[in-house]
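Shown next, in structure tokens, is the structure this report addresses.
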């Protein structure tokens with residue numbers, strides 16, 4: 001196993017002619033996308049740059065959420081479909097703390113402190129909820145057929161949606177929250193850069209670097225990689241498998257909490273099905289980069305963010321964003337299911 005992935009060691013399969021043909025068709029599709037991007041860059045350079053800025057900011061949020069998916073999958077091979085709805089609850093919680101408790105509606109030193117406190121609370125609460133879900137729902141299903149924890153994750157997703165809609169929102173209508181920056185921005189040449197994009201990047205990039213360092217350079221990271229490779233062998237070597245898996249859920253939940261606050265400060269609205277939409281985008285980002293691979297999740301998040309932003313401005317428009325996401329996901333499953341940085345595998349018998 002490479003140090004960049006949590007996934008277990010793998011065996012490369014023999015490439016069949018059909019796979020070679022599929023890969024060639026995939027390369028043609030990529031070439032077509034590249035030609036389209038170059039054309040838009042030449043024809044509309046200012047709009048292209050503005051959309052690129054927006055896409056990078058959104059991509060940072062998708063990367064944070066995608067890391068939660070890829071870490072859990074990497075260690076216990078579970079696609080935690082409740083992760084997106086945990087992110088939704090974090091947006092609501094951070095809104096309650098920042099907007100309702102401290103009435104944050106403009107950029108002041110007090111507002112910065114309130115938002116920082118909301119960030120800390122969102123991270124801690126989301127991490128705690130995720131660890132509780134692992135302890136109560138997932139732990140006893142580790143030896144069960146893979147469909148059992150998957151159905152459990154879907155059930156938890158509906159529970160989180162119900163909690164958000166029943167207790168914090170007025171039905172299905174989006175809830176508005178005041179934010180620290182509003183629509184404030186500055187210009188670099190003729191390109192408008194929202195302040196929220198800078199804040200998102202200022203928080204997200206250090207978190208991503210810390211995650212890579214944690215997995216690659218620390219004892220906890222070594223334990224995570226060992227458990228991902230072989231739980232029984234890791235237990236024989238003295239590693240507390242249950243604690244290691246719980247730690248992974250805590251980290252993934254904390255990242256969802258951070259993403260929830262950053263999203264709310266960027267957009268200012270939340271609704272009960274927000275987690276499904278952004279969770280699907282982040283899951284697609286994780287698959288695009290190579291699920292189980294940390295750098296792949298980050299790369300996939302930024303690529304999806306930029307792609308959706310360019311689609312909104314140049315291609316089909318924002319109403320077709322989820323169609324684009326599904327198209328990317330289906331295309332990946334057909335042409336490169338292991339993702340950009342993933343490795344094709346075969347099951348050992």
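Backbone N, Cα and C atoms are what each Cβ position is placed from, and that goes for glycine too.
Under the heading transmembrane segment, TrEMBL lists 20-39 (among others).
According to TrEMBL, the feature transmembrane segment maps to 59-79 (among others).
TrEMBL lists 86-104 (among others) with the feature transmembrane segment.
According to TrEMBL, the feature transmembrane segment maps to 110-132 (among others). If you look at the transmembrane segment (110-132), the same-chain residues 6 or more away from its ends with a CB under 8 A from one of its CBs are 83, 86-87, 89-90, 93-94, 97-98, 101-102, 104, 180, 203, 246, 249-254, 256-258, 260-261, 265.
The transmembrane segment annotation in TrEMBL covers 144-163 (among others). When Cβ-Cβ distances below 8 Å are used as the criterion, the transmembrane segment (144-163) is approached by residues 77-82, 84-86, 88-89, 133, 137-138, 272-273, 275-276 of the same chain, each at least six residues removed from its ends.
Within the same chain, residues 3-4, 6, 53-54, 56-57, 60-61, 63-64, 67, 107, 119, 179, 181, 184-186, 221, 224-225, 251, 255, 258, 262, 265-266, 294-295, 298 sit at least 6 positions outside the transmembrane segment (195-215) and bring their C-beta atoms closer than 8 Å to a C-beta of that stretch. What TrEMBL lists as transmembrane segment is 195-215 (among others).
Among the features that TrEMBL reports, transmembrane segment is placed at 245-264 (among others).
Only residues 6 or more beyond the boundaries of the transmembrane segment (276-308), in the same chain, are considered here, and those with a CB under 8 A from a CB of the stretch are 4-7, 52, 55-71, 73-74, 79, 81, 83-85, 87-88, 157, 161, 208, 211-212, 215, 228, 263, 321-322, 324-325, 328-329, 332-333, 337-343. Under the heading transmembrane segment, TrEMBL lists 276-308 (among others).
Taken from TrEMBL, the feature transmembrane segment applies to 315-335 (among others).
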Beyond the flanks of the transmembrane segment (59-79) by 6 or more, those residues with Cβ under 8 Å of it: 5-7, 87, 138, 142, 146, 149-150, 153, 200-201, 204-205, 207-208, 211, 224, 227-228, 244-245, 248-249, 251-253, 255-256, 258-259, 262-263, 266, 278-279, 281-283, 285-286, 289, 291-294, 296-298, 300-306
Distant-in-sequence neighbours of the transmembrane segment (245-264), which means Cβ under 8 A and at least six residues beyond its ends: 60-61, 64-65, 67-69, 71-72, 75-76, 80, 83, 86-95, 98, 115, 118-119, 122-131, 133-135, 138-139, 177, 179, 199-200, 203-204, 207, 211, 214, 220, 224, 227, 270, 278
